[in-house]
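If you look up TrEMBL, you'll see A:580-607 marked as coiled coil. The domain 'CHASE' annotation in TrEMBL covers A:111-200. Feature annotation from TrEMBL assigns domain 'PAC' to A:377-429, A:506-557. Residues or ranges marked as domain 'PAS' in TrEMBL: A:430-503. Marked as domain 'Histidine kinase' by TrEMBL: A:575-786. The transmembrane segment feature in TrEMBL is assigned to A:20-39, A:260-282.
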């Protein structure tokens, strides 16, 4: 690999990793800057050491100078001592020497260790005659000087004359014998000044001075600064003349580092900025590269997908020239659908294989597509298979040009729908079959939703049964309700609602009104057809049961009649047995009495009674015969009778009684009022009612009988109202129409009239009602069936 | 103590006559009275000093029937503190009438027509 290539690959490595590159640059910059900083630190540190050494040397030299001066002075002073050991011109010499050496505060001569001479005396009086050889503070130092025969400095110590100071003592020997000391006193402040410690004061450093104790060998520090600096950066020098050690100490060992911290921080920031810059600079190409990669992958995938779809789709797909209709390409499925090979297809156009009947529609749509009127279209049409058979297809055409481009080619998706078409055809046929089947059912087939008004379907039988066409019914949402028989509407709708709520199939019978206005009895057989969990349909068949119903009603009526007749017969047989028994028991008693009687007169009387019983029996038999004739007279002739005509006839029959009782008959019935009735019954009924009104008239007033008629439902009602004695209906109402039921002591009461009247009215399907109040009068209503 | 008075209440005059004769012949009841309906009887009893010992009562009668008579007699019976035995006499008695009659404490029994000597004897000596 060439260098150029290596560089390219390296740079592309960096470009593809903007974050890593940024971090690497950050580390690199940080390293370089910190390395530079480190070297700089080392240089500064070295300079600092050098500076400390210089300062220490200066101070050391100053102290050395002071000590040299002191030595010179003490030597000078020692020279003033004569052979006898007496100093000459001590004061003058002292004055002179001190004037030369400003670093010395006083000079002393100390013969035998006792301070005898001091210049200047002033201020040092306290030290006069002080024996240093006996002083514990000074003794050791003095002895060391004597032993070493060298000048030795004591101090800094507390001076006898006050304050701290250093005393340098030079042992003086005269004639080989120790004479005493020539000494200098240097006050500590003077010493410090001379050393230059005060003037060399620096923020970074400080000085310390120590002395090793002769006895204890411990180190004593004298300056106010800290003596604990072993961990710090320091330098020292020893001064043997006083066993001193001079130190220079760096105040803070971290000071230098602290100086570098901001710079360090700056380098860090700089490194970060560099890293970020690199990251930002490299990211853009990275993102672009990524985008290109993703898009490329997508395109590849789409291409693969399309290819796979095109080649392996379950649907036929063609790529067709939109201008001339020739096939550019087609997938295997399409070839399979129409039976041609790919090569053959590519030489054909779609018009060649399209059914002629469908071609026009197809071409029209293509024209619209080319003109940009539509974005695509679907069409069901027929293709000719290579073998000549017809296949039904659903094509979906999508153009492959954009709006502003010229029409070029289009994709067509071809779905074989031959089977579906066949099924549709079959379904249509089956639907027609079902429809004709439904229409032949002898009932109206209907369908509807319980929560929607109206019906969704009604079969044509509606016309036959109700006289309305299916369309008339379906188009009117309220048709069913409106054509229910008014009396049935309430319960029918209520019941229908209940069944809908319970989703309950039901069969019921009700009445409807047909187009001609007649009642049609229907049986509605309703089933529930569940469409899903929430909705369901009602499906029903309405069967015309009017004939059956009429039979049923007639039958019911007959049964009712028979039951009533039976009951009447039962009652009648009971009455007959009761009444006949009354007579037979009387006969039995009478014949027994006759048999037993010895008295002829009594026998005669009893025979008379027997005759009466016989007559009563005959009468009873007649009455019973009347009743039986009413009960059994099945072939009663019924004719139209004029009511007033019969009333007048009755009035004639009763004229005698009417006159006797001074009765008035107020007849408001019109002359044209006719009833269809049996003539004998009508005569009997009128006679019974009017004669009763006269018979039971009130003793305190003349009888007034009112006659009137009115219509009520299916009846003509005739009212016979009187002002007679009335009947206590509470007490006797239940036996009013009973046989031989009488309520008065009227000798004409036989308890047979109303019984027969009731029977006659019943057999004519009418009814009789009574309203009455004792003492006021009675109203009897006779209902003639229309 | 043997019973002395008997009363027939029935709207059938022949029955009244015949029964009266049979009772008279029996000699069980020296005093026989008769009424054609309940109202007549009650009106009489309300004014009389005592009730008869036995009443032979018909149910089906005009004006006041046997039931109404029973209701009335119950109210006046306490006044007399009498021990009147009432027998329902009929040619045929329906079951429901029998059940209804038994709700009256004074009803002692039912007699089917015709009334005979032996029936009278049983009434006179019930034990």
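Cβ coordinates come from backbone N, Cα and C, glycine included.
Residues 14, 260, 263-264, 267-268, 270-272, 274-279, 282 of the same chain lie 6+ residues outside the transmembrane segment (A:20-39) yet bring a C-beta within less than 8 angstroms of a C-beta in it. Outside the coiled coil (A:580-607) by six or more residues, the chain places 613-614, 616-617, 620 with a CB less than 8 A from a CB of the stretch. According to DSSP, the secondary structure content of the domain 'PAC' (A:377-429) in residues is 12 helix, 26 strand, 15 coil.
Residues of the same chain lying 6 or more positions beyond the ends of the transmembrane segment (A:260-282) and with a Cβ under 8 Å from any Cβ of it are 14-15, 17-19, 21-27, 29-30, 33-34, 37, 40-41. Each residue of the domain 'PAS' (A:430-503) gets a DSSP state, and the totals for helix, strand and coil are 44 helix, 8 strand, 22 coil. Shown for the domain 'CHASE' (A:111-200): DSSP residue counts in helix, strand and coil, namely 21 helix, 35 strand, 34 coil. Residue counts for the domain 'PAC' (A:506-557) under DSSP, split into helix (H, G, I), strand (E, B) and coil, are 12 helix, 29 strand, 11 coil.
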